[in-house]
């Protein structure tokens with residue numbers, strides 16, 4: 001059996017190449033059926049995301065999996081081997097297993113530690129299962145990759161730290177308030193980043209979202225996204241005493257919130273803490289507001305520094321994750337080696353059982369018939385002898401299976417017991 005993973009990713013190909021090779025979800029069943037129908041192909045999986053397209057195959061030893069993939073791509077995509085060849089990576093055997101485990105664990109992602117790739121792998125796995133393209137060893141390998149990803153996330157902190165500006169805002173809010181349950185959010189402006197930050201805050205327990213914008217219709221539209229309340233722009237400062245978290249991202253060319261206004265807001269809040277997130281450029285909130293007690297103001301640069309710090313920490317965790325992945329690859333390879341000698345072990349056990357059964361039959365003809373109790377005792381005795389005889393060579397077979405120079409020892413056991421290849 002051969003294992004091959006061929007593909008392109010954000011590391012090897014620009015988006016123009018990746019989009020040429022991408023498979024839409026509705027086209028996967030037909031593509032997988034075509035791939036599975038190729039002579040010598042045992043199993044196949046196609047993973048297609050924004051950042052990578054990968055084809056995983058197991059084939060019979062007699063065929064060339066690289067040629068199969070090249071011909072498949074030429075049938076399904078309007079690309080030539082010459083144009084995509086420089087961007088393709090190909091991993092075989094152990095390297096393919098290592099690559100798959102790294103992809104599942106998000107060590108090969110554009111943002112290391114992001115969880116989306118594992119979900120995308122599971123979708124690809126389900127699609128292959130549904131159309132009968134997975135039914136054997138590759139099926140088990142894919143399942144194992146999910147377990148490896150789970151282990152990496154549980155034993156390292158690779159996915160615990162915010163690495164987007166919008167989520168960094170949520171992380172900081174938690175540090176300020178502890179729990180975000182029942183906190184009130186106001187969005188000033190209708191930018192994408194403020195929408196993402198508000199969405200994260202809502203999912204983290206924020207109870208209500210006010211939205212204001214110079215164009216009131218846009219405030220109404222965004223408020224619907226969060227089951228929130230649109231507020232007239234002229235009234236938003238009057239609403240601030242009710243707000244715990246303010247996200248400012250309006251396109252105003254000047255400050256829309258000044259220190260003296262904020263002083264009145266904090267007094268009205270009886271000095272309860274307030275978190276201000278200014279992700280506008282130019283900034284919306286006067287920086288001097290940060291001098292006030294119980295006010296925590298962060299601008300886009302502050303949030304980016306949090307992200308950069310977290311990315312550095314993630315990369316430290318990634319080193320630990322790489323060690324875990326290598327350990328899991330070693331385990332998988334050991335299992336594969338043992339699986340290779342399983343037919344030899346079965347053949348040995350069958351041969352010894354045949355000898356035992358034949359000798360038992362001779363004893364029955366010569367000294368029988370036996371009582372049920374005698375028969376049971378003889379069966380137990382002879383099976384025990386056979387098991388003891390088999391224990392040594394079976395243990396040696398399993399031991400030698402995991403060694404690069406184990407083939408001569410395995411061949412010697414075959415010869416000693418007259419086992420056929």
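The backbone N, Cα and C atoms fix where each Cβ goes, and this holds for glycine too.
Keep in mind the model is a prediction, meaning the values are calculated, not measured.
Taken from Swiss-Prot, the feature substrate binding site covers 49, 50, 51, 52, 109, 114, 115, 116, 120, and the record attributes it to sequence analysis. The feature active site, nucleophile is assigned by Swiss-Prot to 50. Annotated site 'Important for activity' per Swiss-Prot: 99, in sequence order. Positions annotated as NADP(+) binding site by Swiss-Prot, on the basis of sequence analysis: 189, 190, 191, 192, 193, 194.
A map of Swiss-Prot features onto the structure.
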| residue | record | Cβ within 10 Å |
| --- | --- | --- |
| 49 | substrate binding site | 19 |
| 50 | active site, nucleophile | 13 |
| 51 | substrate binding site | 19 |
| 99 | site 'Important for activity' | 22 |
| 115 | substrate binding site | 14 |
| 120 | substrate binding site | 18 |
| 189 | NADP(+) binding site | 25 |
| 190 | NADP(+) binding site | 21 |
| 192 | NADP(+) binding site | 9 |
| 193 | NADP(+) binding site | 19 |
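Around residue 194 (NADP(+) binding site), taking its Cβ as the centre, 24 other Cβ atoms fall within 10 Å, counting all chains. Cβ neighbour count for residue 191 (NADP(+) binding site) (all protein chains, 10 Å cutoff from its Cβ): 19.
Other than the site residues 189, 190, 191, 192, 193, 194, same-chain residues with C-beta atoms no more than 8 angstroms from the centre of those residues' C-beta atoms, the NADP(+) site, are 187, 195, 247, 249, 279. Looking at residue 190 (NADP(+) binding site) and the residue listed as 'active site, nucleophile', their Cα atoms lie 26 Å from each other.
Taking Cβ-Cβ distances under 8 Å and a sequence gap of 6 or more within the same chain, the neighbours of residue 109 (substrate binding site) are 51, 103, 116, 117.
Residue 49 (substrate binding site) falls within neither a helix nor a strand when secondary structure is assigned with DSSP, and so counts as coil. In the three-state DSSP reading, residue 194 (NADP(+) binding site) counts as helix. Comparing CA positions across the recorded positions 49, 50, 99, 120, the one lying closest to residue 191 (NADP(+) binding site) turns out to be 50. Residues 106, 110, 117 surround the recorded substrate site, their Cβ atoms falling within 8 Å of the Cβ centroid of 49, 50, 51, 52, 109, 114, 115, 116, 120, which are themselves excluded. Checking the recorded positions (50, 99, 189, 192, 193, 194) against residue 115 (substrate binding site) with a 10 Å Cα-Cα cut-off leaves nothing. Of all the recorded positions in the list 50, 99, 120, the shortest Cα-Cα distance to residue 189 (NADP(+) binding site) is found for 50. A straight line from the CA of residue 192 (NADP(+) binding site) to the CA of residue 50 (active site, nucleophile) spans 20 Å. The shortest Cα-Cα distance between residue 49 (substrate binding site) and any of the recorded positions 99, 193, 194 is the one to 99. Residue 50 (active site, nucleophile) sits 20 Å from residue 193 (NADP(+) binding site), taking the CA atoms of both as reference points.
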